[in-house]
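S.K.: As annotated in TrEMBL:
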- His307: active site (ACT_SITE)
- Asp365: active site (ACT_SITE)
Amino acid sequence: MAESAELILDGKSYSFPVTEGTEHEKAIDIAKLRDQTGYITIDSGYKNTGATKSAITFLDGEEGILRYRGYPIEQLAEQSSFIEVAYLLIYGKLPTTAELQEFSNQITKHTLVHEDVRKIFDGFPSAAHPMAILSSLICALTAFYPESVSPDLNKEEIDLNVIRLMAKLPTIAAWTYKNQMGHPLNYPRNDLDYASNFLYMMFSFPTEKYDIDPRIVSALNKLLILHADHEQNCSTSTVRLVGSANASLYGSVSAGINALWGPLHGGANQEVIEMLEEIQKDGGNTQKWVDKAKDPNDSFRLMGFGHRVYKNFDPRATIIKKAADEVLTALGLEDSPLLKIAKELEQAALTDEYFIKRKLYPNVDFYSGIIYKAIGIPTEMFTVMFALGRLPGWIAQWKEMRENKEPIGRPRQVYTGELERDYVSIEQRS
């Protein structure tokens, strides 16, 4: 590997160091570019910009590889639990039995939220989107824990806020749905695991016993693991950028939730379900819709295909597809028309030269919405589920940014506006 990169500008040569990650990804360090040359770089969408060095998640889009702290996503989805993966992401190692038990116990201990949080729900219109409520209430936790805004928190104080957020977000998320439906709010139960507790708070009623289906719990665990982190995406970069200003963990994650809410980021699985339902209502002729997607004069595009980073098959999609087959079969929904349409669309993408040439393979969103729908999650809650899964990744990224003492994020720009001009009084303006 070259130790430096030479840049020639205006007849002068400048040398910039080259750095290499543990997986041999190479980067040119241009931290001193403007000081030395007077130039900056333009990289719209940050496609070629590494904003940070991170030891959390490795992603190789060309090879279809995703690893958390070095562990392949395939192994974690098959053998681990969401809480264990959360510990791995946040603390950098797989926990011992004692560490996992303590982590789980502490989360269980803090699942209750302040009773005044219930009053905040009354201030939202009944039609408010669940993500608007979720982001607001997560940010509001700073009001209940004002000490969390201090930039000088010690390790124990940070760990306490980590536990609180991991514990309370599922409660707030479930209450968001219950409040929207006009149902009684369910308090968490200390005898249930993380995923089971969330399902209980979402779907149980005080008038009858709620039986937790272990098959649904298993599917939910897998979905949460697959969404737990994904390197420097839009919402994760938002969490780090906001956190770089010494914003609290709650405020930073609230900002990440709002970024995730954007339909180009976290809303894709909802759009997949809406697309499949539209195709079903139209008669289920998938070839017709495949042809529409290929027509350059048609604005329709297949949702859940292709990925900004993966130029190969999304490794999470393979796991999700298998999980969808398993959970729908277990629930007696293997003949689901939506699943049939989804499989036909997938087959078209894998065999049609149009999709192959453009590397438009199914991504994680393509099948995740089918599972959520099968286990009873309403479509407007899909992005909330994404946030629930992504939470440990956001926490880990915020924590790493803080521990590395990264400077406040402050991108530059190339100004393209008017040159200096004199103010003209309103009477003289034409």
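Even glycines carry a Cβ here, placed using N, Cα and C.
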S.K.: Can you tell which of His307, Asp365 has the most other C-beta atoms within 10 Å, given these are the active-site residues?
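M.R.: Result of the Cβ crowding comparison: Asp365.
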S.K.: Between His307 (active site) and Asp365 (active site), how far is it from one CA atom to the other, in Å?
M.R.: 10
S.K.: Hey, does DSSP put Asp365 (active site) in a helix, a strand, or just coil?
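M.R.: SS state of Asp365 (active site) = helix.
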S.K.: Work out the three-state DSSP category of His307 (active site).
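M.R.: Assignment for His307 (active site) reads coil.
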